[in-house]
Amino acid sequence: MKILLENPRSFCVETKRALSIVNLALKTWGKLIYVNHKIVHNNYIINNLKLKGVIFSKNINSILESSKLMLSKHSVPNKIKKTTLEKKIFIIDATCPLVKKVHKKIHYKNKNTYNVILIENSQHPKIQGTLERYQKNLKNSIYIVKSKKYAIKLTIKNTRNSIITAQITLSSEKIYPIITILRKKFPAIINSHENNICYATINRKTAIKHISKKIRHYSCH
């Protein structure tokens, strides 16, 4: 059997940072550290953290008052932060800086009466937090685009005050065909997606494509 290893692999910088934060929290306060979402898609690490005393809970109401709660790198809706204040829960914020950057951009454009076209997968935790940063009003709105089909059907009243952004971990193969359709339909629209790309995700997906070609090569010989 031939084993192929491709680079980059393992976790991104922000995932490593989140793991360091939760381990530091355990060292500082001991057991009963709550985390609102799985830090990493790795059951071995998650189970190991549970054994150390980390409690993963999406239900904010189940968290005891005056506890320690770590916000995972995916971010959380504002309503959760409000509840933590009411219950005097100490927050440890491990939100990915790139996710925060998208939140700030959407909040700023919202205040300045911009429409936002968000290319996304609405089931992802990152998006749940993002959507809450946008307050709909009579002057502007947020438009969710999940596919090329959604982009083709989309109608916007004022495209001059509109921007495109996207879930930072979506693949370029999914995003750019949608952006192409939107730019053709709405030439005045601003594409601000390039500054929000998670390059760790892109590099890993590129590596997977590269190694898949190697696998096909070896399987043919």
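Glycine residues also receive a Cβ, built from the backbone N, Cα and C atoms like all the rest.
Here is what Swiss-Prot records for this protein:
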BINDING   Cys12, Cys96, Cys198  [4Fe-4S] cluster binding site
BINDING   His41, His74, His124  dimethylallyl diphosphate binding site
BINDING   His41, His74, His124  (2E)-4-hydroxy-3-methylbut-2-enyl diphosphate binding site
BINDING   His41, His74, His124  isopentenyl diphosphate binding site
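Neighbours of the [4Fe-4S] cluster site: apart from Cys12, Cys96, Cys198, residues of the same chain with C-beta atoms within 8 angstroms of the site's C-beta centroid are Val13, Glu14, Thr15, Lys73, Leu98, Val99, Ile168, Thr169, Ala200, Thr201. Shown are the binding-site residues Cys96, Cys198; of these, the residue with the fewest other Cβ atoms within 10 Å is Cys198. Checking each of the binding-site residues Cys12, Cys96, Cys198 against His41 (dimethylallyl diphosphate binding site) by C-alpha distance, the shortest gap belongs to Cys12. Summary for the binding-site residues His41, His74: the Cβ-based neighbour count within 10 Å is maximal at His74. Here the C-alpha separation of Cys12 ([4Fe-4S] cluster binding site) and His74 (dimethylallyl diphosphate binding site) works out to 13 Å. Cα separation, Cys96 ([4Fe-4S] cluster binding site) to His74 (dimethylallyl diphosphate binding site), rounded: 7 Å.
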